[in-house]
Amino acid sequence: QRDTQALLSTTEAMELRRRDYHVERPLLNQEQLEELGSRSPAPVTLQWQTWFRCSRARAQALLLQYLPVLAWLPQYSVRDWLLGDLLSGLSVAIMQLPQGLAYALLAGLPPVFGLYSSLYPVFVYFLFGTSRHISVGTFAVMSVMVGSVMESLAPDDAFLLGLNSTLDVAARDDTRVQLASTLSVLVGLFQVGLGMVHFGFVVTYLSEPLVRAYTTAASVHVFVSQLKYVFGLHLSSRSGPLSLIYTVLEVCWKLPQTVVGTMVTALVAGVVLVLVKLLNEKLRRHLPMPLPGELLTLIGATGISYGVGLKQTFGVDIVGKIPVGLVPPLVPRPQLFAKLLGNAFAIAVVGFAIAISLGKIFALRHGYRVYSNQELVALGLSNLIGGIFRCFPVSCSMSRSLVQESTGGNTQVAGAISSLFILIIILKLGELFQDLPKAVLAAVVIVNLKGMVMQFTDVFSLWKANRVDLLIWVVTFVATILLNLDLGLAVAVVFSLMLVVVRTQMPHYSVLGQVPDTDIYRDVAEYSGAREVPGVKVFRSSFTVYFANAELYSDSLKQRCGVDVDYLLSQKKKLLRKQDLKLKRLQKENKPPKQAATSKDTSISINVNTSVVDIESNNDVEGSKAKEASAGTELEDTGAWAPEDAKASDMSSLKALGLPQPDFHTLILDLSSFSFVDTVCLKSLKNIFRDFREIEVEVYMAACQAPVITQLEDGHFFDASITKQHLFASVHDAVLFALQHRRSGPIDPVLVTKL
């Protein structure tokens, strides 16, 4: 049969399937559907009720939820995973060393604090994290955001001594370390608090184009911040809007003061790093682990600097003294919280967004699940505990995470191993890098920006795929470049949310037609084969109706129906009011008072059901014969007026008033796209029913979802005039019912049968 159908033409195959497909069922409105399906309110489960239940199983579940290491570590396969985790941890530690030193410099802190930030947070995440592959620690975007805060609250200008403007480096570094650790504690408190209240979904408001544009703009900030180390310049501390532009202008202005030895050192280190990275890409399949180009560059540069004396001979700035051993904990200063509040929240959200997006990529690739709320708690504890031990805020690094995965890392044991290697370096080997040139660290930072700089190609892909996402990308990038990282993020989020609201206010409205010989209805503007059912208009919105677009929905409905509803209603009211006033005036002028009092209802019945010309002539006759009328005549007339009273509504019809009639008798509102309704939507729907019934068009609704039906019931939408019999299971049901039960005009049995 499959081979036979393959040989048939498309039309013949469709005809064959059409003959095999047959459904016969009665038309169902909502009332009948509820009775047939035995609808009852869905059971409501209150989540908070389970929070206070106490049992051994629940206590164990909570322990495993908030301390995931207890769930996976007992199941750890030493034979299968330990070798890969050991090799991966060593590879990540080799990258952590130069990046920790470089990113601490980027954050405006002494380089050794980058090593601390590569130790404590990594081990804390090993205990509480749910991702197996991300590498937590220093990251360029986080470091540049911290550096922006340091430049704002502890600029170099505040630590100048004496008339010769000597910079008190020790005092500046102490102040910045206190600020950075307090900032890390505050970031951790934000993240832990949001995670405990299950606020992990906050990252959903940061769309992928927004995050990628923000990190791209941050990479520009990172690049510009490293120019002073590349050229050996001393620049003024700047923060706030346009600080990046002013820094670039100052770099250009001071280029003649460039230290040639520093620039050559940075250039050579950068070329070596790029060549090693290219070699790693070429030999990726043949090497068990990537060549440690950054570590080799650091070792080589430190040896050359020590042997040649780059600082004394060429004036190349070096890292300087690196203390050996761990530093004692530092109590955060709560009085600084008020100054750091806004920046801490921005850093907390950005750090979590980067970590969870990367974590979900690896989880999807390796078939496990990452829990966003627990990730928020894990990152928060990493920053909170790290801040107490003088670390600055951290997140995960894309380059290190890729290395951790590609070198065989299976669990966060690799992260714990890397932190142990960093601990050995801090305790024993850190002082060996005292002669390391800062220009080499700047080259490490700049070369590692390659991944984020490549995101500029998003502009071309988004131009082809989605112009709205491109607009978000451009606005985020420009705002972050011009307004700095904190204000740029705020502007980007607000703009993105406003754009969502604007898009809901401009949904796609369509009039639907029937696809021939099916019960499928599609937009007649898009499907040339779809035909409107004669006498029936089917209207659909691509988005739910709520307070922001309810008026636009009503206006678009009236416009797409091709009838000026408001004009017809106003003209009808005007004509009826004129008719009523004229009748009252004629009654007052031509009727004696007694008869007007005794036969008030009778005269109204006559006048309403007679034309204006007939009214005038009849009133003259009645005026001359009023006194001669007998009781029998009155009874006779009353009997004659009864059938005329049944036709009273005919005089208020559009046809009787001489107004144009709509070319359709039924309007069907397709509510399949509605996800919720509010009070404004309920009022708009009621007004639509009222207005279209005034112009002699019956209104039905179709394809409404169960939650929306519940909201309609709760909002008392259904009453004597609008019942569940006006709501149908599908558009096709509503169309067939409308054709079979139209108010006026003959029913076309051929059309009904065809449908």
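Just so it is clear, glycine is given a Cβ too, placed from its N, Cα and C backbone atoms.
Those TrEMBL annotations? Automatic predictions, nothing curated.
Residues or ranges marked as transmembrane segment by TrEMBL: 61-78 (among others).
Among the features that TrEMBL reports, transmembrane segment is placed at 101-127 (among others).
Summarising the annotation, TrEMBL assigns transmembrane segment to 183-206 (among others).
According to TrEMBL, the feature transmembrane segment maps to 255-279 (among others). Within the same chain, residues 229-233, 291, 293-294, 296-297, 300-301, 310, 313-317, 437, 439-440, 442-444, 446-447, 450 sit at least 6 positions outside the transmembrane segment (255-279) and bring their C-beta atoms closer than 8 Å to a C-beta of that stretch.
The feature transmembrane segment is assigned by TrEMBL to 291-309 (among others). Packing against the transmembrane segment (291-309) from elsewhere in the chain are residues 91, 94-95, 97-99, 101, 265, 269, 272-273, 275-277, 279-280, 316, 318, 432-433, 435-437, 440, 443-444: each is 6 or more residues past its ends and has a CB under 8 Å from a CB in it.
Sequence annotations record features per position, and here TrEMBL assigns transmembrane segment to 340-364 (among others). Panel annotation: around the transmembrane segment (340-364), residues 130-134, 136, 139, 141-142, 145-146, 148-149, 153, 179, 182-183, 186-187, 190-191, 194, 200, 202-203, 206, 208, 211, 214-215, 370, 372, 375-376, 379-380, 383, 393-396, 398, 401, 405, 485-486, 489-490 of the same chain, lying at least six beyond its termini, place a Cβ under 8 Å from a Cβ of the stretch.
The transmembrane segment annotation in TrEMBL covers 376-395 (among others).
Annotation source TrEMBL lists transmembrane segment at 407-427 (among others).
For 439-458 (among others), the entry in TrEMBL reads transmembrane segment.
Residues or ranges marked as transmembrane segment by TrEMBL: 470-502 (among others).
Residues annotated as domain 'STAS' in TrEMBL: 526-738. Mean pLDDT for the domain 'STAS' (526-738) in the predicted structure: 77.
Sequence annotations record features per position, and here TrEMBL assigns region 'Disordered' to 617-639.
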Are the transmembrane segment (183-206) and the transmembrane segment (407-427) near each other by the rule of at least 3 C-beta pairs under 8 angstroms (pairs 6 or more apart)? no
Quick test of the contact rule: Cβ under 8 Å, at least six residues beyond the ends. What residues does that give for the transmembrane segment (61-78)? 126-130, 374, 377, 411-413
May I ask whether the transmembrane segment (183-206) has at least three C-beta pairs under 8 Å with the transmembrane segment (376-395), counting pairs 6 or more apart in sequence? yes
Range from 101-127, 183-206, 470-502 with the greatest count of C-beta pairs under 8 A to the transmembrane segment (439-458): 101-127
Residues sitting near the transmembrane segment (101-127): Cβ under 8 Å, six or more positions beyond its termini, same chain? 67, 69, 135-140, 142-144, 146-147, 150-151, 154, 173, 176-177, 180, 222, 225-226, 229, 298, 319-320, 322-323, 326-327, 378-379, 381-383, 385-386, 389-392, 394, 412-413, 415-416, 418-419, 422-423, 425-426, 430, 433, 436, 438, 441-442, 444-445
